Structure formats: C-alpha cells, structure tokens
Amino acid sequence: MEITFYQELTTISLSGELLSDATCEKLLTASEIELLPLLDAAYQVRKTYFQNEVQLHILNNAQNGYCPEDCHYCAQANSATTDIEAYPLKPDTEILAEAERAYESGAYRYCIVMSGRGPSPKRVAHLAKLIRTVKARYPIEVCLSAGLVDVESAGILKSAGLDRLNHNLNTSEAHYPKICSTHSYQDRMDTLQAAQTVGLACCSGVIVGMGEGIDDLIKVAKALRQLEVASLPVNFFLPIFGTQLVETPTLTPDYCLRVLCLYRFLNPQAEIRVAAGREHHFRSMEVMALYPANSMFIDGYLNAEGSTASRTLEMIRDAGFTVKTNSDDTEPLKQE
C-alpha cells in the first residue's frame, strides 16, 4: 500500500470529510493495510487536537446491581446470575471521599456510575446536590452515567455543574435488539439528545466484540460523529460468567487497534478513550492504543478489574506521553 494512502486518511479526517463505508471496511479487514502506517496516520489526527497528552479517568461504581434492565453483556442485569456485590447508592460521604481520591490521584475526570433504568426526580435532586459539592471542593470534571434521562433532569444536572452525561450507544441500531430487550437504541439516542438540548456535553461509545458485523461498527461510529459527542469510550467485550452473552469474542490486538484508528478518523475531535478490555485484548500491544486514543480509565471498570494507576502511568511515560490534569500545567499522577 502506497504511503500516500495513509496520508490521505489523515488529510480527509482533518478536513472534516467522511470516509466512505468501503474505506472504513478496508481499514478493518484488508491485509494490505499495514498496521504501523495506519497507527501513524491516526496519530497525526490525534496529535493535532490533543498533542501528546493523555486524560485519565476514575470510575466510581456508586450503585451496583438491582437493575431491571436485561443488557445481555452486563453482570448487573436482571437476567444475570453473576455473583456480584450488589448495593444501593453509596453514602454521600463515600462518594465525596472517592472524588477526593480521584482528584489527588491526578485524574482529569471523576465518573459517577449508577445501575438502573434511570433516576427518579428525587434521585436527580440528590445527585445535583452531590455534584455541586464535588465541584465546590475539587477542580475536577464530573461525568455521570445514570441510565435514561429526560430534558428536565438533564437541565437540573447541568445547572448543578455536571460537565458530561454518559450514555453509551454500545452498538448499531440494527444490532441493538440482539443485546437488550428492555429498552431500545432510540431510548439511548433520546437521552443523548436530551442532554444536548440543555447544552450538556455527551460521552457515548461502543462495545466491540458482541457479535456485531463490521457494518455495525461503522454505523455506530458515524452515528456518534453525527451527535458530535465530546467523549467516546471504546470498550472491548469481556465475557462475564452468568450473563446472557458469554461467547468469547475473537478479538486480536491488531483488530482492536484498527478499530481505534477507524474511530479516530471518523471522530477526529472527540476524546477517544480506550476502555474496558484493553488489558485483556491488546496484551503486549496495549501501549500502541495511545496513538489513536488520548484517554484511559485507571483502577478498573464496573465489574471487571483493570490496571492500577501506577502501571498505567509507567506505560504512558515510557511511550513519551504526558498526563493531562486540571491544573494549569500537565503533570504526572501521584505514584501509588
């Protein structure tokens, strides 16, 4: 493959043009597309908007289990038999203490995640109070993932100081009925559009490896582009015993990296976060994810373990990247 092909990918992405579906499919499947030049082309786009900085996020699984939804991939689903530690919403003191830990660790964003279909008006008021307190105490961005949210609730959370609302599309509209039956793809789109209606930035991404086709990955990437999401987490499916979706995905490090490159070309200005499954599916090539992606989670995910902050920091430094914090200067995380 001529080097000009890879340069053209960068040029098209930076110009705001859209890659054709045929080109997108080629990037993921064609053997003549070499990985290293592809990574370099994606890196040129990433560097234009994010330089060599990496944003680190810490998840607080603030409410685990007791969920009425049947998302087939999730250990918290009502249909799952997974042995998890289920608990209601954590006490305010605990959520605030974990916000302090996230800030002191140097995390750029503190992500509060709750199980359930969506928050009641009473819960929204409670969350708004918590968000105000976090924002008053610590110069850290706050993202909330709380299920389906309407315009009124989104407005209350925005007024409280919430920086972003997370609600992942997870897969394409066509594939969605195969991974969940208790709510629809459109329900998720409605939540994101409600957030945007009140001027709230959106975080929304995908799970790769749930039996979708190449066309599904392309469609959801382009849907997220149309939504102009600020943040785009790319998860790589980890089968969890006891869930409805237990097939082991045939994901290779090469394929996972190609997916990240594709999502960078299609969403050049989005913060692309390599999320759950990076440690498992990228294996020895994990550090290469930093070339298309500019963000990572540290200290684990909802019901899956992840790399410690110290290990992730070491990997970032060794590759010549720096950690972006909320202070005036880019500075490293505190070592643990």
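Just so it is clear, glycine is given a Cβ too, placed from its N, Cα and C backbone atoms.
In this structure, Cys74 ([4Fe-4S] cluster binding site) belongs to neither helix nor strand by DSSP; it is coil. TrEMBL lists Cys67, Cys71, Cys74 with the feature [4Fe-4S] cluster binding site.
Neighbours of Cys143 ([2Fe-2S] cluster binding site), defined as other CB atoms within 10 A of its CB across all chains, total 21. The [2Fe-2S] cluster binding site annotation in TrEMBL covers Cys111, Cys143, Cys203, Arg273.
Feature annotation from TrEMBL assigns domain 'Radical SAM core' to 52-278.
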Calculate the distance in Å between the alpha carbons (Cα) of Cys203 ([2Fe-2S] cluster binding site) and Cys74 ([4Fe-4S] cluster binding site), and round it to a whole number.
19
Under a criterion of Cβ-Cβ distance under 8 Å and sequence separation of at least 6, what residues of the same chain contact Cys71 ([4Fe-4S] cluster binding site)?
Ala77, Ile179, Cys180, Thr182
Let me know the DSSP-derived helix, strand or coil state of Cys67 ([4Fe-4S] cluster binding site), please.
coil
Arg273 ([2Fe-2S] cluster binding site) to Cys74 ([4Fe-4S] cluster binding site) - Cα separation in whole Å:
20
Hey, what's the Cβ neighbour count for Cys203 ([2Fe-2S] cluster binding site) at 10 Å?
26
What's the CA-CA gap between Cys67 ([4Fe-4S] cluster binding site) and Cys143 ([2Fe-2S] cluster binding site) in angstrom, rounded?
20
Need one number: mean pLDDT over the domain 'Radical SAM core' (52-278).
94
